[in-house]
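Pulled from TrEMBL:
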SIGNAL    1-22  signal peptide
BINDING   C108, D110, H161, C164  Zn(2+) binding site
Amino acid sequence: MKSKSIALVCIAIFACANVAFSQKISGSKKQEIIRSKNDLKYSSPKWRKENYIVNRDSAFANPYYAIQKLQGGNRRFVEGRSIYPRQDAALIKKLAEGQSPFALIVGCSDSRVSAEILFDQGFGDLFVTRTAGQVMTDASYGTIEYADLMLKTKLIVVLGHTNCGAVKAAVEHPDNLPGHISQLIHSIKRAADTAAVMKGNVLDNAIRLNVINQVEELRNLDPVLKKNYNDGKILIIGAVYDLQNGKVSYLDETLKNLPKSTYSQRKIAGL
Ligand SMILES: [Zn+2]
């Protein structure tokens, strides 16, 4: 009787293992089919147009295409149609060999402003530095210069955002800020002081001015960025992300009077 029970248990275990194995096989086959269907879908010109896809190599080679690639990704994100590109295991393995990010984002540490998500980009696409109020220090400068010189990233975007706590603190200038926070907030003081005497919403103006000041800061940063920017080899622009609707708006003040570029310039439409 006992040996009969053992035999039955063994058969049951064997059957379960078989089902699991066949499920695994059919699961991976299914994934393969989905992947090949996706490959076809992603390479279709119609699909690429509908999803505002800009060729990645072109975006890496030309900062004007890079802006369009970021714009396309943000449009998908705003429309709730993110495609979450370049996040599969094969690509992660390939990227272990090296990276060529097509844009550098200087953003705020705020947990609601994650560059890869709001621009709907993947691994290896964006080189990112983040501090509160995107305030920059020597370490930030070195990081940005590294991306320019070593990685050959040609587009730098300073990305502020609405309702930024760091800028708000600079506008409200509370007394006795603890630790290093007072130094950080002091870096935003110029924008806050100018905004205080401007028409309109003081915080919104301070956020915009802070981005514009930071773009200027990088454009005048010796010895690397200033030269490459003035020679038209890199592009440094500013934008503000809206926490309410997810939209990134580029600041006109940072798009005018750009130095003569070494890249063919396509019209930057609808910025
Ligand atoms: Zn912020």
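Note that Cβ sites are derived from N, Cα and C of the backbone, with glycine treated the same way.
Nobody curates TrEMBL annotations by hand; they come from automatic prediction.
Positions of the features from TrEMBL, shown on the structure.
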| residue | record | CB count, 10 Å |
| --- | --- | --- |
| C108 | Zn(2+) binding site | 23 |
| D110 | Zn(2+) binding site | 19 |
| H161 | Zn(2+) binding site | 23 |
| C164 | Zn(2+) binding site | 26 |
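In this structure, H161 (Zn(2+) binding site) is part of a beta strand by DSSP. Taking the centre of the Cβ atoms of C108, D110, H161, C164 as the Zn(2+) site, the nearby residues of that chain (Cβ within 8 Å, site residues left out) are G107, S109, R112, V113, A132, G133, Q134, G160, T162, N163, G165, A166, V167, Y241, L243.
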